[in-house]
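As structure tokens, the structure follows; a few thoughts come after it.
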Amino acid sequence: MATMMHFGQFPSNIPLRAATCCTKVHSTLVTKEMMASSVKPAESSSVARPIIYSSAATDGYEKAQRAFEASFREKYSGKLEAMKYGKMVKKGGLTYVKRAGPQAIAKGIEMDAAIEKFNTAFNAGELENVTLEGDITAGISVARGESVWLRSVFWSRSLKKQARKKTPKLVAKSDFDDLFNKVLKVASLGNIPVEIVGKKANKILRCGYRRVNTSTIPYFHLPHHNSNYICRELHPQRVRWLVPLLVRHRKIRDQFSDSMIARGWSGLILPKYIASTCGRRYDEVIVRGRLYGRVEDARTKLPAGDVGRTMHYSSGEERFFAGWKEGFEKLVPAQKEHICKIVQDNKFCGKLAASIVQIAFPCHKMACDVCRNKFNEMTPEAYSELIDKHIDQRMNEINEAIVRFPGLKQVVSNFRSKHIASTNIKDNLEVAKLTQGHKANQMMQLARINSILIKGNTATPSEISDASGLLLEITRWFNNHLSVIDKGSLRAFRNKRSSKALVNPSLLCDNQRDKNGNFIWGERGYHSKRFFASHFDEVTPGDGYKEYIIRKGPQGQRKLAIGNLIVSFDLEKTRQALKGEEVEKLPLSNSCVSKRNGNYVYTSCCVTLDDGTPLYSNIKNPTKRHLVVGTTGDPKIVDLPATDTDKMYIAKEGYCYLNIFLAMLINVNENEAKAFTKMVRDIIIPMLGTWPTMQDLATACFMMTAFFPETSSAELPRILVDHTNQTMHVIDSFGSLTTGYHVLKAGTAAQLIDFASTELEGEMKWYRVGGHGLPVKEKMISALITSIFRPKKLVYLIEEDPYVLIMAMCSPRLIISLFNNGALELAAKHWISRDKNVSAIFAMLMDLSTEMSKAELLIEQHRMINECAKRVHDTQNYLDEVGPHQQEVRTFLALISDELEADKELHKTGFANFSERFHSLTEKNVCGRVRRGMARFKLVRQILLCHLCVQAQTAFNIRFAPEKVRRYRCQIRHIAQLVRWKDEGTPKWRPEVCYKPDHPIHELHQARYARQSHAHHVQLPKGPRILYECCLGDSFAH
């Protein structure tokens, strides 16, 4: 069978020689047969063992290599095939391989298999008898140099790169100066302003052209046109290129001189020959103003002091009318009923506008901030009073204006304040007293309605609408609660104590317990010394127990059961020791509960029994050197840190809350114990002080849990609630002999933190922990008495807590003392610019002190105080919070203001009244405290005088000549008069009086003064000398 062979596209009939199989291959490679045979040595030889080991290692490496290659092929065979049969793609100037898909991979594998099959057949000689005949096309001559393309079956056309056509950018070619010149030419013809915007917002230059008479002059918009007065208004580098361009289109057609430059010329660019007084180096002058008669250029940097002296030539009238037009057009009425015609001139309109402004906002300068801001601080009543007063003072001028502008009559009548419609002010004030201080929503709404009713006709329509809405809400509330009067009562309140004890993981951890099961403090015990060192007292066993049995507080006392540590073996006495001393048992009341959003917070309430009665505390027996924690179930007794084995400690009065932080220390990690104790000692204790409120203590506990989160689950010691004295007692290991207190349910630090919430409603968060300090009233009076002799403290009270000065109304002597030392006048001046109502109160006290100085009887002075207290109390109702004691002062004023009326009612009904005797005793007490303060003040003054005289005399005798002694004596006499407020005569000095005869260096001083017998010495007054000698002892002789 004849076959034809094709060379590319050209067939050929040339017979091919039969293929022969090559049986012998000549190669230069070394085959396995040509290699020397390996002889395996005997295992017993010295060479065998290394060979065996190396062979095994080589086989292991080859095996691992084959396994790796097999794993690699299995894992990456798909990616390799995709890359192998992928296409070369050129895109964006890059050439990369585009991976083939599954169909392309299958097609490629099939093609490879066909090629491999052909090559195998060809190498095996299976195609020896195959003859391919080809055809040669006539006319083709290879000799001509023509190329022959042999295209195989696997040929494919290559991708052609498509050229992208680039669109050339059209760039306009123009000269910038020419463009800007044309813009400025247009601006000069129509007086159009031009803005040149820089790279930043504050780099904008505003310029343009202005008509001055018949001339066209360029100008710059300067910063002082916007009331921004700076040293240099235009930098020369910024406008150096712009000034010549602006000057090109300047046309001066008038004769100008330097004297003609006045207001309105600010910013104009004038030639140097016109602004002849400008002594600057510029050819063109940018007018800013005049300084010392010379025209100043805006590019010149002036000193800071000369900026205010410069008379700037900006046109204020233009800015005024620009603002007037803008504001007038914004407030034009929405409805237009007619077509407006201009009938009057601008002068008429200006007078009308000025009249309306002065009636509504009387002032001296509209540009003055003080004149404008005083209306912001005024109340509506004060504003109405000011308008009435101003209209009365300027009634003649206003009547003349009304004749010219009849419409002003309606304006004046509307601005006139109207009389208060409510004539029953007494009832309104009584409502204000009843609603004062209540936080209930309904009471606050009633107070708001009452304040609107007091205003009467002066109330605005919005206030009347608010009052109607509040009245509707109160009516709905009363309608909803009329049938459920008992809702919210404590009849159904139950807060039983949990029967299960709280689990504290820190006390149950085996790693923190010794072989006896006791808690191991570790490093916590070492760092707890910071508590015991400064805020705990050491208890002496035995007779020392009696000293700590009574735990005193200013408002009450409690007995500890520390005496029961001495146990008697008499059964009867022991049974007697188990009886406590019971206080008055108070029933369940609103003081026992705390609420949030109208719901009970049970952990912040007192514990009750099943029937709703409160759980009263029984006797708490003492233990020795223990910390007792746990409020539910049986208490947990933890040994105190073993700092000293035989010592017992008790917290100082006012610091019993430290037992809470000591209990929290149990849950602190040992590595954080140092930080915990230092934070309590350095931050918490100084912040809380003695006898803090429960809210402050809970806030401090929250701070500690924020830094040490594990303390939130710490168990607390038992806390007893004394509602009579408003106190909470933290029970320590010495227990409590006093019984009958309520028990607080909070058992962990997290539960105690609820008292820190401002949303918590209840009285217990204001209770003192550990007792109550001095009453707030007594603290304020004590601070007031001590401030009379301490000017810095007095100034601090006036600035920070001015209500303390109102407490002077408890005694006529205090009011007169504050008036004499100028405290009341200083307070009135200080507060007149901050709160006029506070200043008015001090003015009332000044008038009261003047009236009381004329009264001879104490009862008459107290009557004046009672009458003044009513006025002060009424004024205080409209004050804002300006101090921490406003509520305390308000209660005090309400008490003394109602005292006089209550005494009258008692006298009418025939009851005896001891208020006069009470006032007499109180006045003696206050006068005594004031006299003691004055005595201390005089004592210090005399001591300082003695010290001054001794030092002055010693320095004078050593340094100055004898002839100047007379002048020195006069100076000492004047100093004594100024300091002691009386003439002591000519002072003399006697060494034998001022020095002790028995002093060791007395003879030395005698010899010294004998040598200086010509000198005159100062004799100290007898009282101060003896007092100083007693205070300083032997140092006085030195």
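Each residue, glycine too, has its Cβ placed from N, Cα and C.
Looking up the ranges 365-368, 945-948, 993-996 in Swiss-Prot, the one annotated as motif 'Involved in interaction with stylet and aphid transmission' turns out to be 365-368. With helix defined as DSSP H, G or I and strand as E or B, the motif 'Involved in interaction with stylet and aphid transmission' (365-368) counts 0 helix, 0 strand, 4 coil. Sequence-distant contacts of HIS224 (active site, for P1 proteinase activity), defined by Cβ-Cβ distance under 8 angstroms and a gap of at least six in the same chain, are ILE230, GLU233, SER266, ARG288, GLY289, HIS312, SER314. Secondary structure at HIS729 (active site, for helper component proteinase activity), as computed by DSSP, is strand. For the pair formed by CYS656 (active site, for helper component proteinase activity) and HIS729 (active site, for helper component proteinase activity), distance between Cα atoms is given as 8 Å, rounded to the nearest Å. Mean pLDDT for the domain 'Peptidase S30' (170-313) in the predicted structure: 86. If you draw a 10 Å sphere around the CB of HIS729 (active site, for helper component proteinase activity), it holds 27 other CB atoms from the protein chains shown.
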